[in-house]
Structures are given as C-alpha cells and as structure tokens.
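Have a look at the structure below before the remarks.
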Amino acid sequence: MNNQRKKARSTPFNMLRRERNRVSTVQQLTKRFSLGMLQGRGPLKLFMALVALPRFLTIPPTAGILKRWGTIKKSKAINDVRGCRKEIGRMLNILNRRRRTAGVIIMLIPTVMAFHLTTRNGEPHMIVSRQEKGKSLLFKTEDGVNMCTLMAIDFGELCEDTITYKCPLLRQNEPEDIDCWCNSTSTWVTYGTRTTTGEHGREKRSVALVPHVGMGLETGTETWMSSDGAWKRACRMETWILRHPGFTIMAAILAYTIGTTHFQRGLILILQTAVAPSMTMRCIGISNRDFVEGVSGGSWVDIVLEHGSCVTTMAKNKPTLDFELIKTEATQPATLRKYCIEAKLTNTTTESRCPTQGEPSLNEEQDKRFVCKHSMVDRGWGNGCGLFGKGGIVTCAMFTCKKNMEGNIVQPENLEYTIVITPHSGEEHAVGNDTGKHGKEIKITPQSSITEAELTGYGTVTMECSPRTGLDFNEIVLLQMEDKAWLVHRQWFLDLPLPWLPGADTQGSNRIQKETLVTFKNPHAKKQDVVVLGSQEGAMHTALTGATEIQMSSGNLLFTGHLKCRLRMDKLQLKGMSYSMCTGKFQIVKEIAETQHGTIVIRVQYEGDGSPCKIPLEIMDLEKRHVLGRLITVNPIVTEKDSPVNIEAEPPFGDSYIIIGVEPGQLKLHWFKKGSSIGQMFETTMRGAKRMAILGDTAWDFGSLGGVFTSIGKALHQVFGAIYGAAFSGVSWTMKILIGVIITWIGMNSRSTSLSVSLVLVGVITLYLGAMVQADSGCVVSWKNKELKCGSGIFITDNVHTWTEQYNFQPESPSKLASAMRKAHEEGICGIRSVTRLENLMWKQITPELKHILSEIEVKLTIMTGDIKGIMQAGTRSLRPQPTELKFSWETWRKAKMVPTEPHNQTFLIDGPETAECPNTNRAWNSLEVEDYGFGVFTTNIWLKLREKEDLCCDSKVMSAASKDNRAVHDDMGYWIESALNDTWKMEKASFIEVKSCHWPKSHTLWINGGLESEMIIPKSFAGPVSQHNYRPGYYTQTAGPRHLGKLEMDFDFCEGTTVVVTEDCGNRGPSLRTTTASGKLITEWCCRSSTIPPLRIKGEDGCWYGMEIRPLKEKEENLVTSLVTA
C-alpha cells in the first residue's frame, strides 16, 4: 500500500502564506473581463459593441448593461454610434457593388422604432405586429430610452381581434407571471391574435339548454288522450255536471229509461256526461269531409273548417256548397326577443392594479358593446408591484353577434285564413275539394270576420267566421332560426341562457347576458385571456326536440287550426229553378263511382232537346215504391246538350235503384251500398262529437250537453212541431209539462218493453217541446190577439203592463263584450246607457261575469249596473268590437255565480242616474243589435252582437209594421202604436212599456211621405215613427208629454170625472198636466182651442194626464202637476 501523500492541485492561494497568487492565469483574466463587460464595465467602444450584439442575436440584455447604458455620456455614445454607422455604410456599399441583396445585413441592425407608437391615457402605447415577436422594443421617452421585452405566445396577425394590456416596469427583479415588461416606464401593448389560417380562438362547448320536451304547450298537434288525459276527462265531467244540473237530470232520466240493469244505466249516464264536456278538448282529427245539413226554412248554418278537410253544406231550396280551408297564415309577427347563437370577440383590453391601489377600471366598461369581468390576481415584485398580495384586474372584450334567432309573438288579429267555396254545379271537378277555376277564394281576418262571396249564378253567401286555432297565444312564442320556425312555450323561451336583445332594439348594441357565450380564463398578473363559445345552433336543435315545427311560405308562417263559421244563406238561390224537367234521353258517360264518404258520383250526358232543363233523378227501393237516399247536388241541371254533368248522391245501405230521366228512355241503374245504418248512425254521432270537440267552450251550438239537446230540439220542432201545436193548442205550458211527465211515468212503469220505450219517447218529446221555446228569424204581428210574435213567444199584447214576456237578451259572447268594454274604458268612456229595458236586464245578469273576466286579466275596474227610471236616456259614444276576445273559462263562470269581486277605485257605470263624473255625453249607447234568435227554457233567447258602426236608429230586428184592411200598427218590444182608417188615417192608441231615445227606422215605417215631424204625436226623438199613422188632426208633437213615467197608455178619450170644451179663450199650449193636483184633488173642467174631441189622454201609474193642447179652465197654475220632460 502506498502511503505517500498526493500532491495538491495548484490553487490561487498559497496554503502556507494564505495569500493570493500575484499573477493571474489566462483563464482567470478572460473570465474576469467577460463578467465585467456584462456588468457594464470596460472601454466605451467595446461596451457599445456589446450592446449591439444582443440586438443582433435577439438576446435580452443584462441589468448591468442596461445600467451602464443609462449612465454613459450622451455625446460620447452618439459619436461611437455614428462611427459604427459609417462602418456599416461602408459594408453596405461593398455589398451593393456586388449586386446582391443586402436585406439580411439590415436585419442585423437593432430594431429601434420598428412598431407603431401612440399614447393611451397619457401613457406610451405600442401597437406591435407579428414580426416583433420575441424582440426587445426600444423607444425614447422623457426618462430616456425605454426597452420593452414582449414574450407573448399568442402572437398573431394584426386585425380587429386584438389584445391590449400594460407591460409593467421591471428593473432589478426577475419577471413572474408576465410575458411583457419594460425597464424605464410601464407601457401599453396591443397585438393581434389571428392565426395565419384566419381562425379565431373559441371554445367548442355549448350552453346548457333545457330541452323543450314536457313544457305542456297546446300546439294543435297533440295526441288525443295522452297519459294524463283520463284524469283531465274526469275533471271535465265533474265540472260539467256542476254547471249543468238540469241537463244532468235529463241525461239520468234517459239513462234510467234505456238501461235495464244498474250497470247499464250507470254506463249510459257516464257516456253521456263524458261526451258532453268534450267541447273543451282540442286537436282531435276530423274526417276528410263533413256533411252539414241546415234546418228547413233556416237562414244560417254553423260549419267547422280545418286544414285537410272539406265541408259540404245542404239546405232546402239552396245550392249545395263545398268549403275548404286551404291556408292559415300569420303575417307581421311582433318580435319579443332576439337571441345570439354565434358570436365573436374583438378588442380585448385588460387593466390591473397593485394591492392597496384600488379597483382598476376601463373606459370600455361604459360601452354596452363590451363584456367585462373584474377579478383578483396574485401580484408582487416580479410583475411590477412593491407589495405582495391580491390585486384587482378587469378585462373587457367587444361582443359582436354573428348569427341570431328571433322569438316572435303572433297576435290573433294577424292571422289570415283562405277559404275556397265551390257550388255543386254539375260541371267537372265540381264535387268535393275543388280549388280550381270553379271555386271562389275568400280571405278571413279577425278585423274583417264577415265576408261576402259572390257565386256566379247562385247569389251571395255571407260567412261570419270566428278563428279557433287551438293555440293559447299568451303562452306561445314563435321561434325562428334561419329558415325554420317552432312553436315554443313562452316561459321556456324567456329562460334561455343566451345573450338577447329586446324586440324593440333595432341597433343591436345593448345585448343582455353577453357573458353566457363568453369564457374568461384564469387571469395572469397583467393579462387575461377571453374566448367565445362556439355556435349554439346544434345545441338549440337538440333542445327543440318535441317542439312543434311550423312551415313557412313566402316569409309568412303557416299554422294549423280551425275556423268556426256561421254561413248565412238567405241571399243564395238555386240555379235553374224555373227550368222545366228534361224529357229526353240520358246516357251514362262513366260508370258510377263510389267515394270514400259513402256517396256516389254519376256522370251523365243529355241527348235530348229542350236544354237548359232540370235532370229528374230519384233513388228508390227494389219495389220502386219509396224514394230513399238524398241528392248531394241539389237541383242538377243541363245547360248544354251533349255536355257531361256530374251528380253526387247518397244512396241508402243495401239494394236500391237509381232512376234518371222519364219514360220512355228512363235509365234504371241498380246499386248496392255496403254498410249498416246503425253503424252509420254511430259514425255520424262520432263525427259530430269530433266537430264539437274541435271548437272549444263557446264556439259551437254543442257548447254542452244542453247544446246537444238543443240541436236535437231543432229537429224535433221541425218534425213534430205542427202535430204538437195542433194537439195542444190552447193548453197552458204547465199542463203540457204535466202531460209529458204523466206519459213518461206511465212508460217507465209499463211491463211491455215496446210500449214502455214508445211512451217514454213520446213523453220526453212532449216535455221538451213544452219546456223549450223556439224562435223564428223575426217578428210578426198577430191581428187576432193584437200582439207582436217573435217565434212562438208572445211579448207585447194589449195588456202590456202584465209583463207576460217570454224573451231574454243574451250577449253573443261575454268575453267579446268584456274586451270591448276594456277598450272603451281605455279610450275614456265611463259607462253605458241601455236602449231598452231588456238590455238593462241583460247587463244586470251578466255584470258578475264581466267583472270576473276583467279581474282575470288584472283590469282594476268595477262595473256597476243601476236601474232605469222614466226615459231611456241616450249617450253619444259607442262600444266597438275588438279583434280578440278575453279569456272566459269555466272557473270564471263558477266564480261569477258564487264569489263577488273586489271593488276598485275606477268604475264603469251602466244606467242609473246621470252623475257629474259620468255624464251621458261620455257614455256608450246603442252599441248592440240582434244577431239571432235562439232557444231557451220557458223564454226565447235573443242573441245580441256589437254594432260595427254608430247608429241612431232602433234595432229593426225586433220591430214590425203591418197594415190590413182599415187598421195599421207599428210595434216592437216596447211600443204598440195603432191607427185606423175612418175617412182618413189617424192614430187611435199607443202603449208604451218604456220610452226610448232611438229613432224609428224607415225600413219599418208605413206611409212615410207627406208627414211633418212637427205634427207627429210621438216625437221622433222618442222613437216615434215619421208616418201619417203617427198623426191626429188638431194635435201637434207631444214634446212635453209625461214620458218621465216610463209606462204609459195613450188614447183619445176623457179622463174619468172630467170634461173638455173647445173655446178660443183657452190657454196656450204647454207641458202636459195631470188631472189631479199634488194633494190629490180632481180638476174637472178643461178646455182646448182647436183640438178635436175626444181629447188626447195619457194614462200613467200616478193617474190620468191630458195632451199639451188641453188646459184647465179655472185651476191655479201653482196647484198643477206638470210634465218633467222636454224633447
């Protein structure tokens, strides 16, 4: 083992002397010199070269170099740089002489001011291009040369997509959590972030959108009987039974009569009550074609139109018409909101503050186009702060929407329905759904719901339609995205977490919830990245699963829905009624074709002479004894010889003969129709139930089971009315009811099944016809009993004050009336004046319903209905029908019957005394007119609708005027004015239940010519007819008669216990006077100047009065009771 100590390596210190070597090695000298140069020491020229070297190599200088650079003398540094510039110039000349590009050499020069320099809020602001990435940026400031280092990794092309933030001042410390810093003063920097491919940074995730499935929106496409449909049906049955106890009892009687066991009776009753409320269920598909047959002698019929269906109407002595609803469009929808589903961000700017320096702010925060966010971030020495801690940071970016989707509100008044009407003319394609040249196209809108269509050769048909879209537009929003549209629930639409604009905002700058499409990344010390989410179109399509898609055509939106129309046929006429029957021979052009509706189409050709003529066609049984079936094409005619004619008919089930023409040459065609009459009965009943279900609560005759019975009653009246009238003429209605009850009771207790069914049927019909009052289409005068008859209800007779009235005014729709009243109140109308006392009774009956309808939509208005005393005063304004009606549900009806509404400060006065707060000049008057006569228990319902325009005339539909032999009468439901011919026509008597302020219409006035208004006994302003029949020699207009009493009897006779003499000494004409004084004393002596005897007498509730021409002879004026009225 070698124990010898190894030689120590030479060290800079002598271990014995403990001192440094006097002479340094070459390595030590080189190292010492290099470190000194990097720390800023050494010769100036060498230092200047060392400063240029990092610029060439894009290496950041050290702190020592930067310190020396700031301390050297300016003149010496400039001289050295100029000398360097001369040397570089010589090098450029040499290179230029070599005719080669010297651009590479130029890139070696330090890039001083190679960027755009500006200021921001008084501080330097660099706008840097992509070429400066990773370089030190130098520019001169008041404190000297400022060098900024930019090490950002998201450098891109300079465009509108930029990032702006502040580079902090950093001299001694190492940079921390920053990518830009400066050595002299903090500086703003802006650079672009767009890549060479033109893409922007964005997030690919989508917003969390709630699916639309399960929102429970009725859109017209739901399946009948969903999972919870059974419970809804049970609820409807319960509420219907509570609302219609009378008809429920009748249904129970029918069920008990028909059923033989308790189970059968219960099942029949449940089925009846289940069908009855089906009018509240919507969206049940109806058959492709529906046959609606009008009542004989009726002037109108109700039909239901739906897309994809055709309705054929038939009525006696009227042409057969086909109706088809071909299009329902929504135009000019109002925009509710505009949602942004794709956006971009530009001009991102960040400002930050050190701890304890307060909250940072940006001017962009005041600009509504920007989306901003405040955060906190760690700060310290490494990012320009003197203290460590949390500092504030705010980042803003300009939000621009690239793609929108809109939510629109569809108003019912913006819906337009297109209907095609085609008469069965026998020409080709004139059967079924014809939209070609034979059809007449009309358009229906809520603003013009009444439309007339001129059918060439067949007259004019009037349609009054009421839309039934099956949609609650208060809960529906129409969402449009590019060229597609959906019906969505309003609340779901309003809750979408997307940036949106109000519909009224046309500039698009004030977008709300912009942050839902923006993601702010975790902030750095001086910078925060902001990205925008990707397009949300795909996410919206996913969320819209289950929503109903709507078709669009020419920018308009196509809807489903139903149209309930009242078809008025009074102006229709059959073409060819005056033609004679065809006597020639017919030929079958094409074999009989059976349609899917149970009808047949026969195409025949006439080969005889004498055209135009009517085609004889009958369908008979095999024995050719009984005519069966019916003609769909009413009164088929031939217009030209050898021209084919189409005839549609409905043969009975089984075998039958179709006979065309007359003998000889008569065509006899055998036909067999498959099917069952009983089955067809059930099928027709189901079709009627579906038609009921489509229309909803108020649209159809079948508004309830009572409506079903009422509709059956129309047929019963037509079939059995004449027999019933003959059998029970002169019998009171109580006796009729009693007879019906007895017959029904006997039938229910009969042991014979056939006898029991027959008696029950007869009893029920007797009960129905006895209890129900049917109305015709107007009023006529009964001369025998001196009465006005409207339908079978007698109203005005000689004994007017017994009030044996059988009429009841009803509004066409309380919800429509409430809508008109709300609009009137908004326009400053404070109340209503009734035209007749029946109208006043109607207002009293429906006031609770109107109150609840208005309270449901939170209209704070109290409706108060008062009584009528004396004259029915006139107003000067009127109610106007509105395009939309208010909601009127069964809950509202039930509350109106049971729960009073809360009073409000604002009132709407109906009748009652005139007050200063609501004078007659500010009240609506004469706004209603008779729309139709209907059915009712014990009374005839008269349905009223709102007038389209103002009118001073009384409603002519409750008036009549007639003249026969030597008698004439003008009458309505409150007046009976009778005149007689005795040498000349003159008034005999008049009865008044009320005194109206409307004008008697000329259409119901006899002998208009020749009469002066000043000579009319009953003034024109009090509904006196301007006629010679309203005249009496010696008397003038009774403008100051005692009409303040209301009920009056006017005739020509002496008041009891008084005398009247004609003398020139009599007093002047004046207000009517009562024959008794205020104390009850009878004034016996009266006179007149030139009036005829007997005098004009007026009987009121307080006694007997004389006309204005009759004056007292002796009584003092202060004792007289005078009339309070001046016309």
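Heads up, the Cβ atoms here are built off N, Cα and C, so glycines get one too.
The feature region 'Interaction with host EXOC1' is assigned by Swiss-Prot to 1-15.
Over the topological domain 'Cytoplasmic' (1-101) the predicted model carries a mean pLDDT of 63. Residues annotated as topological domain 'Cytoplasmic' in Swiss-Prot, with sequence analysis given as evidence: 1-101 (among others).
The feature region 'Hydrophobic' is assigned by Swiss-Prot to 37-72.
Swiss-Prot lists 102-122 (among others) with the feature transmembrane segment, giving sequence analysis as the kind of evidence.
According to Swiss-Prot, the topological domain 'Extracellular' annotation covers 123-238 (among others).
If you take the C-beta of N183 (N-linked glycosylation site) and look for same-chain residues 6 or more apart in sequence within under 8 angstroms, you find L66, N146, M147, C148, L169, L170, R171. In the three-state DSSP assignment, the secondary structure recorded for N183 (N-linked glycosylation site) is coil. Residues or ranges marked as N-linked glycosylation site by Swiss-Prot: N183 (among others).
According to Swiss-Prot, the transmembrane segment annotation covers 239-259 (among others), on the basis of sequence analysis.
The topological domain 'Cytoplasmic' annotation in Swiss-Prot covers 260-265 (among others), and the record cites sequence analysis as its basis.
Taken from Swiss-Prot, the feature transmembrane segment applies to 266-280 (among others), supported by sequence analysis.
Positions annotated as topological domain 'Extracellular' by Swiss-Prot, on the basis of sequence analysis: 281-725 (among others).
Here Swiss-Prot flags C283-C310 (among others) as disulfide bond, drawing on similarity to another entry. The number of other Cβ atoms within 10 Å of the Cβ belonging to C310 (disulfide bond), over all protein chains shown, comes to 22.
In the three-state DSSP classification, C401 (disulfide bond) falls within a strand. Taken from Swiss-Prot, the feature disulfide bond covers C340-C401 (among others), and the record attributes it to similarity to another entry.
Just so you know, the Cβ of N347 (N-linked glycosylation site) picks up 19 other Cβ atoms within 10 Å once every protein chain is counted. What Swiss-Prot lists as N-linked glycosylation site is N347 (among others), and the listing cites sequence analysis.
All protein chains shown were included, and the count of other CB atoms within 10 Å of the CB of C385 (disulfide bond) stands at 20. Here Swiss-Prot flags C354-C385 (among others) as disulfide bond, drawing on similarity to another entry.
Per Swiss-Prot, disulfide bond is recorded for C372-C396 (among others), and the stated evidence type is similarity to another entry. In sequence order, T348, T349, T350, L362, E364, E365, F370, V371, C372 make up the list of same-chain residues 6 or more apart from C396 (disulfide bond) whose Cβ falls under 8 Å from its Cβ.
Beyond the region 'Fusion peptide' (378-391), the same-chain residues lying 6 or more positions past its ends with a Cβ under 8 Å from any Cβ of the stretch are 168-170, 173-178, 181, 186, 352-357, 525-526. For 378-391, the entry in Swiss-Prot reads region 'Fusion peptide'.
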When distances run from the Cα of C954 (disulfide bond) to each of the recorded positions C340, C385, C830, N905, C1088, the nearest one: C830
C385 (disulfide bond) and C310 (disulfide bond), Cα-Cα, nearest whole angstrom: 83
Where C1104 (disulfide bond) sits in the secondary structure, as DSSP reduces it to three classes: strand
Distance [Cα-Cα, Å, rounded] between C830 (disulfide bond) and C385 (disulfide bond): 73
Integer Cα-Cα distance in angstrom, C998 (disulfide bond) to C565 (disulfide bond): 32
Minimum Cα separation from N982 (N-linked glycosylation site), reported as the residue among disulfide-bonded residues C340, C582, C1104 that achieves it: C1104
